[in-house]
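According to TrEMBL, the protein has these features:
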- 12-34: transmembrane segment (TRANSMEM)
- 79-104: transmembrane segment (TRANSMEM)
- 116-142: transmembrane segment (TRANSMEM)
- 162-186: transmembrane segment (TRANSMEM)
- 197-247: region 'Disordered' (REGION)
- 197-218: compositional bias 'Polar residues' (COMPBIAS)
Amino acid sequence: MHYRTVMMYTEIGCFVACVCGWILVCSTMPINYWTYSEVDSVVLTSSHYFSNLWKDCLSDSTGVSDCKDFPTLLALQTYIHLCRSLVIISIILGFFGSILALVGMKCTKLGGSEIVNARVTFAAGMNYLLSGLSGMFAYSWYAHKVISEFMDPNYKAKKFELGSALFVGWGGSALLVAGGFVYSVAAGKEGCRSSSKTQEMSYHTHSSNLSEANQKTYSPPPSPIPDRAHQKSSKPPKGSHAVDAYV
């Protein structure tokens, strides 16, 4: 199979994986189950506490739920602010990575030359890679805080467990990291190879132009030795007689 065809299918596969991962990361923002806790109040009823980055919720066994937004922004813990920022940054980077990938991929034919497309695709891969790392760090830090509070025997407040949103976010971030890494490696190699070939071709073209110009402008100096082969003979041709003037 031709190298260009292989690269085209590789880019399509990475693009599909990165877009799926970006959608999964976006879906974790409205999901309420970042953390949850189940508390038995009486024999036949139970209460479910769950929360995310924006609000706390409570539901009972009858299906009635009540959610309350965080009352103040400044009173929140630092890790919640950081996780919010990282998830939003991950979504923004993934969005711009998708735009750059659509422009630079070989199957879309929206870019310019091969080296320009390779550089645009490399930028898309770096955006996807940073997007996945940002999301992975945000979900891991949030999970670390939940687990550390759950395992701490001196923690007297309500203890929570890991919710489904964290696992969805980890899966989406893993897809972004994997697709962005393959994007960056493949496009980086192609961009470096194309740039080296372009420099080599420009060098050879410049050298040939200089040699042609030197050949046109250079003319050898006249030789001081007469060219005997091209001189006319002073002897009369054979079979002719010299005419003498008689007085």
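Here the Cβ of each residue, glycine as well, is placed from N, Cα and C on the backbone.
Under 8 Å from some Cβ of the transmembrane segment (79-104) lie the Cβ atoms of residues 11, 14-15, 18-19, 21-22, 25-26, 28-29, 53, 110-111, 116-128, 130-132, 134-135, 137-139, 141-142, 145, 169, 173, 176, 180, 183, 187, all in the same chain and six or more residues away from its ends. Taking Cβ pairs closer than 8 Å, the transmembrane segment (12-34) reaches residues 50-53, 55, 57, 67, 87, 90-91, 94-95, 97-98, 101-102, 105, 107, 125, 128, 131-132, 135, 139, 142, 163-166, 168-169, 171-176, 178-180, 182-183, 186 in its own chain, all 6 or more past its ends.
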